[in-house]
Structure formats: C-alpha cells, structure tokens
Amino acid sequence: MKILLYIAIILSFFSLITISSECKIAVLLSGSPNDLGYNYLMNEARVKAESELKLDFSIYYENLEESMEEAEKAFQDALHKGANLIVVGSFVHVGLGLKYAALTKDQDIYWIIRGNKRPNPDLPHVVILNFNSFELHYLLGYFSGLMTKTGIVGFVAPGPDVNTISTDNSFYLGAKYARPNITFLNVYVQSWYNPNVSYSAAKMLIKNGADLIGMSQDDMSCQKAMMDSGLIGIGATGYPTHLLFGGNVGVSYITNWTNLYVKYAQHVLNDDWPDYSSYFTNLSREDSIFIDDYSYKVPIDIQNLVNDEIQRLKNTSYIPYRSDPYLAQLGIPFDSKGLLVEDQFRANKKLLKGDSISKVIDFGQYSIPIEFIDYPNSLKYGVTIVSGVCIFICLVCMTLVVVFKKARVIKSSSPAFLLLILLGCCIIFAACILFAQSPTNQTCSARIWLLSLGYTLFLGNLLVKNWRIWLLFDNPKLKKRAITNWKLYPWVFAILAIDVMILAIWQGLGNINAESRIGYDSLTQYQYKNVCSSDDQGSIALYLLLVFHGLVLLVACFISFKIKVVDIEEFNESKPITTSVYIITFCLFIVIPLMVSPQSLTSQTTIICVCAIVTTLISMLLLFGSKFYKMATQGLAINETFATSTKSSSKSSKSSYGKDNPNPNAINFGEDDTSDETSEEKHKSPKQKSVNFSNKSNSHLAVFTSDEETSKTSKLSIDFENSSKDISIDQLQQQKQQPINTNGDLENKSNDKIDDDNDNSSVLSKRISNQQNGETEIDSNNV
C-alpha cells in the first residue's frame with residue numbers, strides 16, 4: 001500500500017509539472033481585428049481561450065498583409081517575447097509561417113497555420129488549419145439564386161494572383177443550380193482585405209444589375225455596399241452579422257475558432273502535442289462552422305429550400321461544386337468518384353464560362369478610378385452669389401457718392417476717398433469668389449493679390465482720410481495747415497506700394513502653384529483635391545504680409561482713438577471706423593486659431609470667405625449706411641453748414657446772443673452757416689474789406705484765406721472795434737462773401753473762454769470742409 005501511495009504522489013507531482021507548463025499565444029492577422037470578419041473572429045478566439053484557460057500572456061499583430069517586411073518583424077517579435085503557440089491565420093503568410101516553423105522545429109514552439117495541405121518536408125509541430133469554404137460559397141450562391149429579383153448576382157474575390165478561383169466557381173454553380181438562367185458577374189480586387197476597393201467593386205456590380213453579391217473578403221465592405229444601396233446582404237465573413245445589421249442580412253455562415261485554440265493550447269499546457277496534425281472542418285462536423293438564423297425578409301419557402309440543401313451538403317458524398325459535369329471545361333480531370341481532383345481543384349485559376357442558358361461576365365481586375373473632389377456646391381454657389389450681391393451694393397454706393405458728391409454728409413467725408421474705399425470692398429468680394437473656386441495656378445496667386453490689395457485700399461484710405469482730420473483738429477494753437485487731397489494721395493500710394501512689394505516678393509520667391517494631392521484632407525487614397533502650395537520663402541513672405549496688415553490695423557485703431565474727441569458729426573467717423581476695425585480684429589482672433597488647428601481645406605476656405613464677406617459688408621454698412629440714411633431723412637443739405645454734436649450745440653447756445661442781444665443784425669458763432677462756395681467765387685480776384693461792428697468788448701480779428709484750384713488767395717478781414725456803423729447779413733451776402741459767425745458782445749469776462757471755444761469750432765468746421773475737397777485753407781492765427 002505504501003508503494004502504491006508513493007507512486008500516486010509521484011504521478012501527481014509530474015502531473016502538476018505538466019499542467020504548470022506555460023502557453024503564450026500569438027496571433028498574426030492579415031487585417032484589422034475590428035473588421036467584424038475573419039480577423040475579428042481569429043482574435044476573438046484568442047481572447048476567449050485566454051479567459052477560459054486563464055493564460056498570463058497572449059498577443060496579436062494586425063494588418064500584416066500590407067507589408068511582408070512588417071509581417072516578418074511580427075514573427076520575430078512574437079518569438080522574442082516567448083510565444084510558444086503561434087497562429088498564422090492568413091493564406092498570405094503561409095510561406096513565412098512554415099519558414100519560422102522550420103527554424104524552430106527543435107524548440108518547444110508550436111504552430112497553427114492556415115493552408116490546404118501539409119508542408120513538405122513535414123513539420124511535426126505544425127497544425128494545418130482549413131475549412132471547406134467551397135461548400136459555404138456554394139450554399140450562399142444557392143441562396144442568392146433563389147432571392148434575386150433581377151436574375152443577376154455578383155461575386156468579389158481577391159483574384160487568381162492571391163487565391164483560387166474555385167470559390168467564385170462554387171458560388172456561380174450554387175446560383176445556377178437555384179436559377180438555371182442566372183447571370184453571374186465576377187470581379188477581382190487583388191487582396192483579402194482592402195475595404196475601399198471591395199466596396200467600390202461591389203458598387204460597380206450593383207450598377208450593372210446585381211442585387212445579391214457574394215465575396216471571399218475578410219470584411220463586410222461588399223455587403224455594406226449592398227445595404228447602402230437598399231439591397232439585402234449575405235454574411236460571408238464568419239461573423240453573425242445579424243447582431244450588427246439586423247434583418248438587412250439575409251443569412252450568414254458563422255465560424256467559431258475558440259474550440260480550436262483551446263484544444264491546442266491545452267496540448268501545449270499538457271505537453272502532449274499531436275505531431276503532424278490537421279484541423280479540417282465543414283458543416284457536417286458542426287464544431288466550428290454553423291449557419292446563422294435567417295432574416296425576417298427571407299420568405300419561408302426559400303428558407304425551407306436552403307435548409308434542405310444544407311442537409312444534403314452535410315452528407316459528405318454530396319459535393320456538387322466538384323462533381324457538376326459543367327466543370328469539365330476547366331480541364332481538370334475527375335477522379336474515380338466523379339469529383340475533380342482535389343489538389344487541382346483547390347489550385348484552379350480559371351473561371352467557368354456561361355452556357356446557352358446562364359451567362360458569366362468577368363470584369364477582371366478592378367481598380368478604383370481616381371476621383372477629383374471639388375469644393376461643395378453649397379460653398380461655391382453661396383459665396384459667389386453673396387459676393388456678387390455685395391459687389392452690386394458697392395457699385396450702387398459708388399454711384400450715389402458720385403451723384404451726390406456735393407451733399408453735406410458726402411462732401412465732408414471726401415468723395416474721392418469714399419470711392420477708393422468702395423473700390424477696395426469690391427476687390428475683397430471678388431477675392432472671395434476666387435477663394436470659393438477649386439485652386440489653379442492662376443487663382444492661387446490672384447486670390448491672395450486681390451484680398452491683400454482690397455484690404456489695403458479699404459483700410460489704407462480710411463487711415464489716411466482720418467489722419468487728416470486728426471492733424472487739423474489736434475491743433476490747439478490753430479496754426480495754418482493746408483492738407484488737400486493731392487497731398488494725401490502719395491500716402492495712399494505709399495501704403496499700396498508696400499503691399500505690392502511684399503506680394504511681388506511672395507510671387508517671385510514662393511513658387512506658387514496648385515498641386516493635386518491624393519488622400520489629402522481626410523479623403524481616401526483614391527480621391528484627390530487641388531491645393532495651393534508654396535516654398536518656404538513664400539511662406540515667410542506671406543507671414544510678412546500678415547504683419548504688414550496687422551500694423552495697418554493698429555494704426556487705424558490709434559487714429560480712430562485720436563479723432564473720437566471731434567464733436568462735429570460729419571467729420572467724426574471714429575465710431576464706425578473703430579467698430580469696423582474691431583470687427584476685423586475680432587475675426588482675426590477667430591480665424592488664426594482655426595487656421596492653425598487641424599482643419600479641412602473646405603473648412604478653411606469657408607472660414608476665410610465668411611469672415612472676409614461679413615467684416616467688409618458690416619464695415620461698408622457702418623461707414624455708408626448712416627450717410628445715405630441722413631440724406632434720405634434730412635435731405636441733401638447741400639447749402640447747409642455742418643451740424644455739431646449736442647455738446648457743441650449747448651456751448652453755442654450759451655455764448656450766442658439771445659433776448660439780451662443789443663444788435664439784432666449781428667451774426668453768431670455756433671449757428672448753422674448756410675453759405676457755400678460757388679463757382680463764381682472761385683474766379684473772382686481776391687479783395688480785402690473791413691467790416692466794423694459796434695461792440696463794447698475787446699476787438700478781435702479773424703482772417704480766412706481761400707486756397708482755390710487756381711492757387712489764388714482772397715482775404716476777408718473782420719475788424720471788431722468800437723464803431724457805430726453796423727452791416728447786416730443781407731449786405732454781406734450782396735458782396736458774395738462767406739458769412740462769418742461771431743459771438744457778439746460778451747457780457748462779462750467769465751464767458752470769454754466759451755466764446756473762444758465756439759469761435760474755434762466754427763473756424764475748424766469751415767476749414768476741414770473745404771480742405772477735404774481741396775478748396776480752402778484757413779488761417780486762424782489771429783482769432
């Protein structure tokens with residue numbers, strides 16, 4: 001008894017040693033484990049085996065079909081990490097699997113390799129995995145022949161360079177058996193796993209009338225094309241596709257490799273590997289291959305017919321895909337059982353031809369045509385229409401400025417500069433139209449030129465026009481300053497010249513052109529877009545251009561701030577200008593981060609166009625809308641002087657003569673000056689006259705000097721001194737002299753400062769009005 005006890009203990013000890021052997025699984029996949037197809041199921045079996053056997057280590061490698069070099073690295077890495085059960089799941093890597101299996105044949109490393117037959121010379125640690133895919137494709141072809149409404153079915157296969165054509169022939173024979181007059185469409189995609197090509201190939205078959213499509217791909221791309229076209233799909237990847245697509249999949253075959261993994265992992269753990277083993281499975285074994293439930297869209301009578309065919313296929317003597325006499329055209333001999341010789345059948349590279357009833361159309365190798373992807377029509381048409389409307393508005397505004405150039409609100413804002421500003425707006429809108437079109441070598445340069453020049457004209461003229469107002473009103477000593485339009489044009493041209501110079505550098509050094517880029521902007525590898533590109537020197541010049549426009553914006557902001565104190569409405573455009581500049585700056589703070597962050601080309605173009613149109617249109621409405629509104633509501637006011645703000649008016653009312661005015665014929669500063677220069681005045685010789693007003697206050701002298709286009713000078717001196725002679729307004733008008741507003745008698749010294757302020761306001765009002773139109777300069781040194 002003791003001897004038996006010792007023997008039992010020893011056996012238990014060795015049993016524990018055997019069970020404690022490690023099993024590290026490595027799975028090499030041809031595609032993605034997320035394809036919901038063959039690769040997914042191979043990896044799912046690894047996960048389930050790891051969980052069931054409580055393994056400490058397992059690993060997988062994906063997308064190895066793309067590069068044999070990467071596949072070889074995966075083999076080496078798996079061996080380096082100590083994997084001792086390596087699964088090679090694809091026919092593509094059979095050669096590499098057998099190579100490394102031969103190199104490690106003397107080690108405790110075991111292999112499961114998918115293939116058709118055992119290697120020669122044979123390797124004891126290799127299990128050959130295969131399943132009867134021919135009967136499955138035959139069954140799905142039979143189902144398709146029963147379900148088709150058009151009488152046309154299709155098949156997508158890797159092709160003769162990758163796989164046997166017997167899968168294609170099996171599907172065709174199944175469909176022909178169900179419907180003898182079937183039309184069969186066949187196409188090759190040169191890969192087990194290329195979703196883009198497979199999807200496009202299936203779409204091509206659908207366009208040619210196929211309403212059911214079989215495949216020998218590792219993913220559901222073909223069936224997705226079917227369902228996207230409103231047709232019913234069939235599951236040919238081994239995944240229970242009804243879990244994902246529901247009733248849109250008519251029927252699927254299911255493969256479950258967990259039993260395979262667990263079986264051979266236990267052999268590794270128990271150290272009892274079955275040498276020279278093979279794992280061939282089919283419907284009859286019911287261990288790894290099953291048929292899924294039918295969709296509710298499949299009629300019951302068709303379900304019954306398919307079930308009957310399944311039962312016949314489970315009889316191993318029923319092999320219609322190898323025994324049909326129609327197969328004789330392949331040139332493969334039949335064996336004694338009336339079947340095509342298996343090895344030659346599996347290696348067949350020839351597609352069956354049609355007969356007098358059925359028809360076979362071979363599309364051969366399929367390649368996706370390279371497709372040009374343009375901007376969406378919504379962007380192209382939307383930007384073009386909106387920009388066109390904005391250009392029309394600009395032209396209308398330009399017409400109004402020209403027609404009503406002598407109106408008070410237009411004349412005070414310098415019509416010439418207003419026209420240049422509107423011209424800049426038109427150019428900006430034209431640039432937006434070019435931005436919305438597909439780039440070409442010409443438009444890549446033209447749109448940048450137009451956009452830059454447009455903003456330079458727009459902001460540059462605003463800057464210069466308001467710089468003059470700042471210089472004239474920022475004049476505490478009331479010195480004589482003559483700044484006509486012709487003195488400002490060189491500044492505008494200087495700003496424009498700087499812009500043109502930078503653009504010329506960008507154009508000359510940047511090598512600006514349009515490139516066709518495949519796979520750009522989240523496109524597939526079979527789609528391309530035209531993209532504007534430049535060299536590094538061009539990028540530097542473009543950044544310099546952005547800095548230049550940024551400086552123009554800053555200067556415009558500064559000048560707008562400086563003229564905000566001007567209390568004469570017609571001259572003080574600081575509010576609309578500042579608002580316009582702020583809007584542009586705000587958009588830049590939005591545009592720049594969006595442009596730097598990853599964005600599609602369409603999104604970038606949309607952002608640029610929308611911001612350019614919105615900022616320019618709002619700025620234009622702010623600058624011109626108020627002017628035209630005043631013209632419409634208050635009249636053209638061509639013969640009226642300039643209205644001041646509330647603050648200015650209140651000062652004028654305090655300093656003017658009221659009920660206590662001893663001289664009813666005196667003219668008051670602060671009141672509207674209704675006079676205007678006429679063409680007759682411009683041709684009269686200058687004269688100087690003294691006009692005496694009786695006033696008890698101290699004497700004052702104001703001298704107005706007119707700078708006409710003829711460069712002649714006329715002076716009007718008004719000498720306020722003690723005199724009993726009064727001159728009325730009518731007498732002044734008869735002499736065709738501009739009426740001069742005075743503050744009359746000052747009742748006390750406390751009002752002197754207010755009088756001087758109003759004198760200055762009126763003098764400056766008249767001066768800026770005339771000088772902006774190149775007509776008059778005012779010398780007020782003696783006020």
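Numbers run from 1 along the shown chain.
Quick reminder: no glycine exception, Cβ is built from N, Cα and C everywhere.
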Of the residues N196, N639, the one that Swiss-Prot lists under N-linked glycosylation site: N196
Per Swiss-Prot, S252 shares membrane side with Q604: yes
In three-state DSSP terms, the structure that N181 (N-linked glycosylation site) belongs to: coil
Length of the line joining the Cα atoms of N256 (N-linked glycosylation site) and N441 (N-linked glycosylation site), in Å: 57
For N282 (N-linked glycosylation site), nearby residues of its own chain (Cβ under 8 Å, 6 or more apart in sequence): F131, N132, E135, I289, T316
Pairwise CA distance, N196 (N-linked glycosylation site) versus N181 (N-linked glycosylation site), rounded so that it is a whole Å: 31
Helix, strand or coil at N282 (N-linked glycosylation site) [DSSP, three-state]: coil
Alpha-carbon distance [N181 (N-linked glycosylation site); N315 (N-linked glycosylation site)] in Å: 27
N181 (N-linked glycosylation site) versus N441 (N-linked glycosylation site) - Cα distance in angstrom: 55
Distant-in-sequence Cβ neighbours of N181 (N-linked glycosylation site), under 8 Å, six or more positions away: G151, I357, S358
